[in-house]
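Undergrad: Sending over a structure as structure tokens; questions will come in a sec.
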Amino acid sequence: MIKPLTNHGNKNIYPDNSTLIVILGPTAVGKTSLSLQLARDINGEIISADSMQIYKDMDIGTAKASQKERNIIPHYMIDIIKPDQEFSVAEYQAMVDNLIPGIVYRNKVPILVGGTGLYIRAVIEGFLFPEMDKNIELRQKLQKEAQQYGNKYVYNKLKKIDPELAKKLHPNDLRRVIRGIEVYHQTGKTMTYFKKEKQKKGDRYRNLKIGLYREREELYKRINKRVDIMIEQGLIDEVKYLLTKYPDLSKTARQGLGYKEIIGYLKREYDREEAIRLLKRNTRRYAKRQLTWFRRDQDINWFNLSTGDYKKIYSEIKKLSRDFLLDF
């Protein structure tokens, strides 16, 4: 039997294998500091839901929690692969599914924290990823066709197989286009079919979603300041080191915010000031896309951190979390 975590009035708070607290929101909104505070107060451990923090040696540009912070509260799904390796959403989902029972066994509350909506969705809703081996031969064939005839040529193949998926993808999103074709060739069923099957099953974890946001002007100021701090901390040297240590950086790592802009500068495509300007602009645009993604979800409990009374807001979040843990 799992021991109670905390006394709360006359009740006890118990973690549960199917229970998960989620803290989400755009970049630079303040997720890290709030999640650390909440984890201390409800005896939690943090699982990162950030698609860039999975990479080793990419520290400054991904704004990882410091080693000191990680020593206070255990963090997972940070520094798990090298930047020259690929990592799929399916792998992320599987690893988190394996982590949660261990966290609960230690009488801790799993807290999923991040801004990568696809990762959060994969854990909570689950994707029915077909179990199949990679078809390297087919992938190479399709990649060669894309080089010879253009991405649209391969995209049109997907359009014939899975028109619903094709509508959601840009022809230049070649990796996902090829994946859609590969799934059909390997299983005889489309990605759209697997998605619809998943939707019939409902959420995989009982969850509380806490969304953080700030007024646009304040958020953008925080983003600009964060970029300036990253540059001061040595982001340019970090990118130089990465390119030396990992000459074959994965496409995902190479295209990461803060990395693609500095890589362009190091290639002399533009000067240092332009790299910083681009990084600030691209990060602001990314934050906007994150909010657009999250606002589709009607189950998120939103908190505006721009109101000025942080103690009151945090108190509400803590109470909401405790009540959620009690109510099962």
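Cβ atoms here come from the backbone N, Cα and C positions, even for glycine.
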Undergrad: Could you check which of 50-53, 250-253, 270-273 is flagged in Swiss-Prot as region 'Interaction with substrate tRNA'?
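TA: Going through 50-53, 250-253, 270-273 one by one, Swiss-Prot flags 50-53 as region 'Interaction with substrate tRNA'.
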Undergrad: Measure from the CA atom of Thr27 (ATP binding site) to the CA atom of Arg139 (site 'Interaction with substrate tRNA') and give the result in Å, rounded to a whole number.
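TA: So the alpha carbons of Arg139 (site 'Interaction with substrate tRNA') and Thr27 (ATP binding site) sit roughly 33 Å from each other.
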Undergrad: What Cα-Cα separation, expressed in whole Å, is found between Lys31 (ATP binding site) and Thr116 (site 'Interaction with substrate tRNA')?
TA: 12
Undergrad: Could you say whether, by DSSP, Thr32 (ATP binding site) belongs to a helix, a strand or a coil region?
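TA: Helix, per DSSP.
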Undergrad: In angstrom units, rounded to an integer, how far apart are the Cα atoms of Thr32 (ATP binding site) and Thr116 (site 'Interaction with substrate tRNA')?
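TA: Cα-Cα, rounded: 14 Å.
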Undergrad: Beyond the listed site residues Thr27, Ala28, Val29, Gly30, Lys31, Thr32, identify every same-chain residue whose Cβ lies within 8 Å of the center of their Cβ atoms for the substrate site.
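TA: For the substrate site the neighbour list reads Gly25, Pro26, Ala63, Gly115, Leu212, Arg222.
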Undergrad: Looking at the region 'Interaction with substrate tRNA' (50-53) alone, can you tell me the average pLDDT?
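TA: Mean per-residue confidence for the region 'Interaction with substrate tRNA' (50-53): 96 out of 100.
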